[in-house]
Structures are given as structure tokens and as C-alpha cells.
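Contents: one structure, followed by commentary.
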Amino acid sequence: MYSLRRNVARLCQTAGYRLQSTLVIAEHDNKNVALITLNAITAAKKLGGDVSCLVAGSNCANVVNELSKAAGVNKILIADSEALVGFLPECLAPVVLAIHNQFKFTHIVAGASAQSKSLLPRVAAKLDVSPISDIIEVKAPDTFVRSIYAGNALMTLKSKDPVKVITVRGTNFEAASLEGGNTSSEDVAVTDLPVGLSAFIGQELSKSDRPELTAAKTVISGGRGMKSGENFQLLYTLADKLSAAVGASRAAVDAGFVPNDMQVGQTGKIVAPELYIAVGISGAIQHLAGMKDSKTIVAINKDPEAPIFQVADFGLVADLFKAVPEMIEKL
Ligand SMILES: Cc1cc2nc3c(=O)[nH]c(=O)nc-3n(C[C@H](O)[C@H](O)[C@H](O)COP(=O)(O)OP(=O)(O)OC[C@H]3O[C@@H](n4cnc5c(N)ncnc54)[C@H](O)[C@@H]3O)c2cc1C
């Protein structure tokens with residue numbers, strides 16, 4: 001069936017038409033597919049045409065298994081090699097390019113993440129096209145909406161490039177379901193990888209029993225008003241009562257209160273949980289850019305003029321060191 005589609009696609013191409021065919025680059029840890037990939041699949045389906053997923057990694061069979069159940073995916077392409085340990089962009093980019101050369105996709109899509117930020121611009125540069133980053137809407141196969149000026153303006157962009165290389169803001173697209181699909185897979189050759197350009201030495205991953213920041217239904221973020229890293233314990237205690245993730249403003253990260261993987265905002269993570277509680281955060285536009293799509297926003301700040309109250313659904317003008325312990329006690 002898939003080869004029939006490919007043949008039709010080739011015929012159309014020869015006749016001057018191109019059917020849409022999208023490659024979604026799956027992000028994963030060799031065990032589980034990342035949520036942002038499921039958001040990217042939904043965006044890919046909105047483009048129309050075939051959707052293939054590339055699972056590139058080392059010993060990543062479980063990811064292939066998971067993705068094979070994703071509804072709406074037509075094919076899984078597997079690049080499983082020891083050379084891809086660590087997901088180095090120097091090695092992943094040639095794999096994506098080789099697959100693209102073989103299948104001639106019209107779109108190459110990934111979730112907007114640290115990994116795709118280092119991978120997709122390389123792919124786009126090699127294809128001599130402009131990367132289209134962090135889209136929030138698909139208007140047509142060549143027309144996309146993305147936010148600019150830290151979310152203060154929306155840009156509608158029409159691309160004339162023959163291949164659209166796109167990253168997708170996860171919070172703007174529902175996650176595709178991992179049920180109902182029964183997708184076949186195909187191995188692709190992993191050859192001609194650059195040797196000695198970079199090497200994977202190791203990684204230290206922070207472990208937490210709390211939900212992941214970008215996937216959590218409730219996020220509690222602390223700002224400079226927390227005054228110290230020790231005081232974040234208040235937020236961790238509250239988070240444990242609410243099964244929430246803990247985030248932070250950049251000021252709190254820069255002050256060394258918490259690690260930078262907790263940063264929410266323009267230069268941090270973009271979140272859109274059901275409930276976002278901002279504690280001791282003023283509400284600078286760069287912070288709002290990362291959380292203003294949250295369904296319900298609660299702000300606790302002692303300054304009634306703090307801009308965060310302009311976006312908050314519920315505001316509490318109070319000293320956080322009194323308000324938060326009271327909340328913990330009542331829960
Ligand atoms: C290019 C660029 C990118 C940036 N990216 C980001 C980003 O990704 N994320 C981000 O967050 N910022 C980002 N920033 C920084 C941003 O401009 C702000 O400086 C930052 O968000 C401020 O953090 P804050 O609200 O914690 O600190 P402040 O602005 O200092 O606010 C602290 C707040 O705490 C309140 N407070 C103090 N004590 C108490 C108390 N006891 N009880 C209750 N309230 C109290 C104060 O009233 C105040 O409103 C970026 C800036 C630039 C230029």
C-alpha cells in the first residue's frame with residue numbers, strides 16, 4: 001500500500017504535482033516517545049497527505065512499538081545504530097537528509113524542543129531552505145502562524161520553499177493518540193555518518209517524582225520573590241499536594257535558586273497547563289510568552305500593580321511566605 005502511494009507520488013511529481021508527504025522526526029529516550037512528538041504528529045496530519053515517522057536512536061525498538069499504535073501515521077522509518085547514541089545533531093542530520101533524498105518529503109516536522117533546535121536548522125541549511133520555527137497553527141500546507149516579539153504579535157507566514165522544515169509548538173496542538181493505529185515499519189540504512197566531529201561522553205538527567213514541566217496539568221512557578229533556593233521547598237511541598245510540576249522565572253534561575261531546566265518563558269519552556277500558579281513573579285512579557293496559554297492562571301504577589309495580575313484569572317495580593325503555607329495547610 002505504502003509503495004503504491006510512493007509510486008503515485010512519483011507519478012504526480014513527474015507530472016508537475018506534488019502530493020503532501022510529511023516526515024515527523026520522533027523525539028524519544030530510546031524507551032518512550034516524547035509527548036511533543038505526538039503534538040507534532042497532529043500538526044503533520046493537518047498538512048494533509050502521508051505522515052511518516054523517523055525513529056532514530058540506539059536500541060529504540062520500544063519507541064517503534066509505541067509509535068506503531070499512533071493513529072494517522074502511515075509508516076515508521078527506523079534508523080537504529082550505536083552511532084546514534086546521544087542523539088548528536090551532527091549524526092542525526094545526515095540520517096534525516098539521506099531519508100529525505102530517498103522519499104522526497106514535502107514537509108519535515110519536529111516538536112519545538114532543545115533537540116530540534118540543534119537538528120532542524122542543520123537540515124534546513126543543507127536543503128537550502130528557511131527553517132520555520134515554533135508554529136502555532138497550520139493554515140494551509142504552505143502557510144503557518146507563529147508568534148513573534150515574545151508572543152506580542154502573530155505572524156502568518158507563507159513559504160515558497162520546495163521542502164518546509166518546521167518545528168511545532170507542542171502546547172498548540174493536541175497530542176495524537178497512541179491507540180488505534182497499526183503502522184508498519186521499515187529499516188533505513190545508517191551510513192556515511194561524520195567521524196570524529198563530535199562524541200557523546202555522557203549525560204546527567206535530573207530525576208523527579210513530579211510530572212514533567214511541559215506535560216503537567218498543574219504548574220507552580222516561583223520567581224525572584226522566593227528570595228532563595230531553600231524557599232522553593234514551599235513550592236515543592238505545595239506541588240506534591242497538587243501533583244504539580246515546579247517551574248521558575250528566569251530571574252529565579254539566574255539568581256541560582258533553581259536549575260535552568262525549570263525556566264518557563266521565551267528562552268525557557270513553553271507550558272499551557274490546566275492550572276498555572278505564579279508565585280512572586282512580576283509577569284514580564286518574556287515570562288508570559290511561556291505560560292499565557294494556560295487555561296487558568298493564579299498569581300500570588302504582594303504588589304497589586306504587578307503586570308502578572310493583568311493575565312491572571314485569580315489574583316491574590318499577599319505575602320507569599322504567608323499565603324503559600326496557608327494553602328499547604330488547607331489542602
Ligand atoms: C531576551 C530575554 C529573554 C528572557 N527570557 C525569559 C524567560 O524565558 N523567562 C522569564 O521568566 N524571564 C525571561 N526574561 C527576563 C524577564 O524580562 C524578567 O526579568 C523576569 O521574568 C523577572 O522574573 P521575576 O518576575 O521572578 O522577577 P521580578 O521581576 O524581580 O519580580 C519579582 C516579583 O516578586 C514579587 N515579590 C517579592 N517578594 C514577594 C513576597 N514576599 N510575596 C509576594 N510577592 C513578592 C514582587 O512584587 C515582584 O513582582 C528574559 C529577558 C530577556 C531580555
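Any Cβ shown, glycine's included, is placed from N, Cα and C.
Predicted automatically and left uncurated, TrEMBL annotations should be read as such.
Taken straight from TrEMBL:
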type	residues	note
DOMAIN	22-204	domain 'Electron transfer flavoprotein alpha/beta-subunit N-terminal'
BINDING	Arg224, 249-250, 263-267, 280-287, Asn301	FAD binding site
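Sequence features annotated in TrEMBL and their locations in the structure.
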| residue | record | DSSP (3 states) |
| --- | --- | --- |
| Arg224 | FAD binding site | helix |
| Gln263 | FAD binding site | strand |
| Ile281 | FAD binding site | coil |
| His287 | FAD binding site | helix |
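Ranked by how many other Cβ atoms sit within 10 Å of their Cβ, the binding-site residues Gln263, Gln266 place Gln266 at the bottom.
Within its own chain, Ile281 (FAD binding site) has Ser221, Gly222, Gly223, Arg224, Gly225, Ser249, His287, Ala299, Asn301, Ile308 as residues 6 or more apart in sequence whose C-beta sits under 8 angstroms from its own. Set side by side, the binding-site residues Arg224, His287 differ in how many other CB atoms lie within 10 angstroms of their CB, and the most is found at His287. Under a cutoff of 8 A between CB atoms, and with a sequence separation of 6+ in the same chain, the neighbours of Ala284 (FAD binding site) are Ser249, Pro307.
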